[in-house]
Every structure is written in C-alpha cells, then in structure tokens.
Amino acid sequence: MAGSEEQQQRELMLFDTRTTKAEMFRPLVEGKVSMYVCGVTPYEFSHVGHARAYVAFDVLYRRCFFLHILGDDSWRHGAAEAWRQMCGDGYAQEVDAVWRRGGVGGSETKQGRCNSTALKMDMWQVAVAASYPAGVLVEEHAGLVGAHTRQASWLGPQVLDVRYLKYLGYEVEYVRNFTDIDDKIIRRANEAGETATSLSSWFIDEFLRDMVELQCLPPTREPRVTEHIKQIIDLITKLEEKGKAYTIEGDGVYFSVDNFPEYLSLSGRSLDHNLPGSRVAVDTRKRTPADFALWKFAKEGEPFWESPWGRGRPGWHIECSAMSGHYLGHAFDIHGGGKDLIFPHHENELAQSRAANPESEVKCWMHNGFVNNNGQKMAKADKNFFTIRDVIALYHPMALRLFLMRTHYRSDVNHSDVGLEFASGRVYYIYQTLQDSQEVISLYHDDELDVPVPAGDRKVVDDNHESFLRHMSNDLHTTGALDELMKPVRAMNNNLSDLKKLQQKLEQQQKKEPEKKKQQQQKKKQPEEKQEEHYVQALVALHGEVTNKLSILGLMPSSPLAEVVKQLKERALKRAGMSEEELQQVIEQRSAARKRKEFAESDRIRAELSARGIALMDEPAGTLWKPSEPELAEEA
C-alpha cells in the first residue's frame, strides 16, 4: 500500500472528553496504540449497560490490527505449520475447503486469567476469529500451548473478525481491569456465605462468557485489583511522600484535592459545587469534602492486606491508576469507560496519577453513552437493568450487538423490544443473504468464471468501502456504516433473484432444445451462460465486501451461518410463544383460507403473526416464514 494511501486509511477522528471536541488521533508511539478501559465490579451478572461499553470499545480495538498483520508474514508461517500438524493427511483438503468457503484466520493470542478451561477455549475461538486470512489454530495461554480446537468444523464458511484500530494497522495493547474487591462484593459474599475472592472469580468467568457470546475480543491483559496490591501500595506511598495524601485515624488514607490545582479539569465541574460520588462516604474529618479514599482500613470480618498504614484494602480509584501505569506506562493513548465514570472515577484517576507522576498523560479520554430503561440509566445499584444473558435468551447475541451499534457510542441507547426485534430481523436478513450467496458460489470453480464483476456491482462494492472508512473514521460512526452496508446486501439479494430467474429460463430452454443442438451449444458459452457468470462474480465481490465489513465490526458470526440463521428463527418462535409445529399449523390454516378465497381471514392471520414477530412469504412452492423486521422510529 502506498504511503499516502496507508496514511489516509489510518486517519481517525476521536472525540476527547477533556477537550470536548473530535480530534485527529495520533498515537504516542507510531504504529502502536495503548488503551485502558475500566472493567466491571463482578458481584452480579453483567447487564446490557456493560455490553454497551465493551462492544463500543471492542469496535475501537478492532479498528487497529489489519494492516499490522498483513504487513508481517512471519506469524503466518508458524501458524500454518501448526495447522498442518493438526490436520495431518487431510491438510490439503482442509486448506482448500477453508479458502473455497471464504477464508478464516488465526494468530497467536494472549488472554487474561480465566478459571475455566472450556471458557479459555471459547475465548480463544473468538480471538482466532479476529485475524485474517490464514485459517490456522495456534494457542499460547496458561499452559495450553500448540494447536487446539474442539473440532475443525467451527472454522466456518466466512472471513472472520478484524476490528477497527487493528484494521488501521496498529499494534494494540488493550488493558481492561476487574475490580474484584469492593464493598458490594464483600456484602454479597457475606450474604452468600463465601469469600469475596470466590464470588468475584465466579462472576468474572460469567462476564467472560457474556463477552464470548457478544464476540468481544479478549483484551491483551485483564488484571485484577487483588493481584496488584503491591503496585497500589507503591503509588499511595509516592503520593504520601509528595504531600498529596493524608491519613484519617480509624478510616483510611485520603488524597487531598486542594494539593492538585488541575482537579476537575476533565469533567469541567466546579469544586465549590462538587458533590462526592455514589461510592464516596462523607466524613467530616476530611480536609475537603471532595477528598477521596486511597486506602480503606479493614473493618472486622472484611478481607485485608498488610500495608504501611495498617491492614486494609484499596480505594476505588487508585486501582486503575496503579494498573494502567504498570502495564502501559505513565503516558498512554486512550482511556475509556461509561460516561458515568467521568466524575468521580476518571477525574480522581487523573488527579492521583499526575500528582504522583507529573509526566502522566492520557492522549484521549473516551466515554460511551448509557443504556436507558424507562428513561433512566440502566444500573445494578438501582435494580433497573436487564442482564446480558436474559436478553440473549430471547434475542441472538449478534442481534444485541447490532442493536447497541446502531446508536453512536457517545449517545444513549433506549432499551426497547421494538429495537431488538428490528436488530434481530436485520441480522437474519443479512445472514440469510450471505448463506444463500455462499451456497451459489460454492457450485462454481474459479476457472469457470472468466468474466469481470459487472460495473454496477463493482461500484456498489467500491462506494461501500469508501463510505465505511468515512463513517468509521468519523469518531466510529457505526450507525452510518451499518446503514450503508445494507446497499451491498440488497445488491446481493437482487443478484440472487436475477440469477434464479435466469437459471429457470435456461432450464426451460434446455428441455426444448434437441440433443444435437445441445451438444453444439456446449462447445461454446451462450450469452445466457455469460450472464450467469456475471451474476456469480457479482455475488463473490459483494459477499466479500459484506463479510469483510461485518468482520471489522465484530458482526460476522464465528459459527456457520446456517446454524446462526436457525438460532435466530428459534428465538423468534420463543418470543412469539409458539413451536415450529404450531406455526406450521397456522400457516396451513391460512393456506386453506386462501384456497377458499377467504382473503380477509388470510390477511388477519398474516397480521396476527406479524404482530408476534413472524413474517410470511408466499412462494410458488409454498409459504415460508422468517423473523420480521418491524418499522423503527428514528430515535430508537
């Protein structure tokens, strides 16, 4: 790729909370991006608000990697050899099968600590789906070294995921923490009669399962607070030595905001009107009401660690300063989280980090919007939430991911059944179209297709590629990118329809032609056969464009499309409260009404099913059904 073209493709505008404007992103180190995103406090199943945050930053994470991998072939050779050993005598056939079906990828991956071996494999499969295009399996994690897979068939019939920072060609160091010690964790553990460590570890594994379902790539590192007590104590000690911290007897060690003139520079709040955050207890012994805890002295029965100030545990904010500095250094590129973290969490992080190390700097602060339920922010503390697993029991995980991505990451999402129904119908339409295209393409060999892609379809592909980069480079505008992506999807559907009509015409002609004339025509391609090849070439180009962009967005399933389409239909039936057999009985009742010319009854049945999320399609061979795609208001 030419230098100017590569530079143009790497252009990315990101909105910086601190400057309150979108700015051209330029990493501190050329070709590398360092990113820290605040993780969950694992005392409950994660809700859709968490999914909102981690899907948003997964899209950003995926934005960096593509050019970096394509520019270095060394990883491919080792990975290919591992795959060769795994496949044995069937290696050549597997290579041919994978590439014929579109190509998939794999690379060496590093992942966070996880207690479940099965979950490690699930996470790794998602990570393998992030690379492109070797079709190999290599694992290097927690003693699982070498080529692994439960079965080779999961390497589905599609190009899999490459995300956006990665797509731009950056090497990304992505750190996302777990706050695995907290008042809420301690309280919940006491109620359950177990240790805080065992409770938080269990919910961490459940959170990771949710991330696998949503196809969020595992970050480079996933540190836990309890494993970084030394780094936290060292940072507090440094703050104390610099006169930025003080001790309140019987309570803990506090940060003095009066000793940091830049305090509130991130949130833009006024100290005169400043109120403590929801996790900050008011203590009249504090020098300033806004002072916040760095170290909390242990109460009876609470878990604790030894420190120079006595037994206790870290405060909320110090953990992220310590862990981000430990893994990324004092200056790094991106710090992210929900917009509720701007104050007090990120404001306090910035203060203690710069107070301890003046060279500390975050180049871009990014914050995602909320998911609202009944006009209020979805939150565990308010018991106003839907868990991720509750939602994906009724809607496919890819439908939930699309639902969240249809709204720009900085805007709030209104949680609604209508919005989820729309997303479910939309992904069904996309995946069914891709599956139909794959089935057609698989019937042809490359040497049979000696015609170019039709100019109109080539323009659709080129226009979509340009518009995709334009939208995604504009502060990750996934809404526009997804809307534009429907143009090549519809073009695929049109080509499938036209190809089907042409093939029916050819079949009718062949039945009418004498045998001798057939033999003569077989010696040279007829105009209709050339047209058939044009349609197939168009499908190849459009299919490649759509799968490529879905992969970058994390919306290309790691399971075979036929399986995902089946799952989408099963969930649609579940939402409708019907079995497949019951639906077929209703369809037969409608067919009988149509035969009797009782069209009002036929329309009533169709409308009733549509209201339950089922759309009917009357075909010559009979009536088929699919999940419906309801009309969606602009604000949804």
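Using N, Cα and C of the backbone, Cβ positions are placed for all residues, glycine too.
Note: TrEMBL annotation is automatic and uncurated.
Note that this is a predicted model, so its numbers are computed, not measured.
Residues or ranges marked as compositional bias 'Basic and acidic residues' by TrEMBL: 508-518.
Residues 12-14, 68, 130, 161-167, 169-180, 182, 184-185, 188-189, 199-204, 206-207, 210-211, 214-217, 219, 222, 320, 323-324, 327-329, 331-338, 341, 345-346, 363-364, 366, 368-371, 377-380, 385-389, 391, 400-401, 404-405, 409, 413, 415, 476, 478, 552-554 of the same chain sit 6 or more residues outside the domain 'tRNA synthetases class I catalytic' (25-62) yet have a Cβ under 8 Å from a Cβ within it. Under the heading domain 'tRNA synthetases class I catalytic', TrEMBL lists 25-62 (among others).
Annotation comment: TrEMBL describes 162-421 (among others) as domain 'tRNA synthetases class I catalytic'.
Summarising the annotation, TrEMBL assigns domain 'Cysteinyl-tRNA ligase anticodon binding' to 581-625. Taking Cβ pairs closer than 8 Å, the domain 'Cysteinyl-tRNA ligase anticodon binding' (581-625) reaches residues 421, 424-425, 572-573, 575 in its own chain, all 6 or more past its ends.
Under the heading region 'Disordered', TrEMBL lists 505-532.
Per DSSP, the domain 'Cysteinyl-tRNA ligase anticodon binding' (581-625) is made up of 28 helix, 10 strand, 7 coil.
For the domain 'Cysteinyl-tRNA ligase anticodon binding' (581-625), the model's average pLDDT works out to 96.
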